[in-house]
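Per TrEMBL, the features are:
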- Thr29, Val193: pyruvate binding site (BINDING)
- Tyr120: active site, proton donor/acceptor (ACT_SITE)
- Lys150: active site, schiff-base intermediate with substrate (ACT_SITE)
Amino acid sequence: QINLSVIRQYVDYLVSEQNVKNVFVNGTTGEGLSLNIQERKQLAEEWVCQGKDKLDHVIIHVGALSLPESQELARHAAAIGASGIAVIAPFFFKPTNKDELIAFLQQVASEAPAVPFYYYHIPPLTGVKVCVEELLDGIKERIPTFQGVKFSDTDLLDLAQCINKNEREQFAFLYGVDEQLLSALAIGADGAVGSTYNYLGQKTNLMLQAFAKPDLALARKYQFLTGEFLNFVIKLGFGVAQTKAVMTFVSGIPMGPPRLPLVDASEDFIVKAKAKLDSIVWPDGN
């Protein structure tokens, strides 16, 4: 079951301990697609409420397999004052081309006509491989609120072409593969949305600062160390349940078990992951 009571503590932890002031709610790590509509609405309301005057942006993911449900969630997000909404491609009956995908996105976005809209591109999970570069061509005419993309794919050529072709539109490209963030920044990504920023947000912020200086050698150190941890846990089997376990032992906030069909992280995983994270010596000395 969802536990709304920890969200206030969660917000305070992200802001004060990780210097993270933007959240993406009901996405992959939040198991948004395993929740029912009522649960998703309750979580969205609680994040917007607890984030007031503390968080800069609360983007609510409103994608669903059912168009009416997605539209209902978009209307709800607009009503509670979300800073933006995002939509994943439907992934059972899939759009097979750009026009079908845009038609679906447009029908959701139009239900929240004053709210910035983001496409959540995650082909490894959806199987929808429409190139984002192609998707963006003329998208503003169809979706006036279109603001950018949460790009969770390793295809940096597609991302680079998007950034190269759409600089004038000032779309935001938020990268979603945490172990490759520095590569995405190098070709012009604007920011990042990812699961590791729950517990490595402060380290990633230091990497962003180093990149902006630019001190690429320092930025690489942070990226390589994040990669070293992820490479280690991926070999053990790393998914949403394991991410929750890591966040629980790092933050002290109980993230709870996942919902079936996902199963809880093993004690063996927790012991090994904690030892690995504790062994890493970061450039800032912590």
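Glycine is no exception: its Cβ is also placed from the backbone N, Cα and C atoms.
Straight-line distance linking the Cα atoms of Thr29 (pyruvate binding site) and Lys150 (active site, schiff-base intermediate with substrate), rounded to a whole number, equals 14 Å. When the Cα atoms are compared, Val193 (pyruvate binding site) and the residue listed as 'active site, schiff-base intermediate with substrate' turn out to be 7 Å apart. Taking the Cα atom of each, Tyr120 (active site, proton donor/acceptor) and Lys150 (active site, schiff-base intermediate with substrate) are about 5 angstrom apart.
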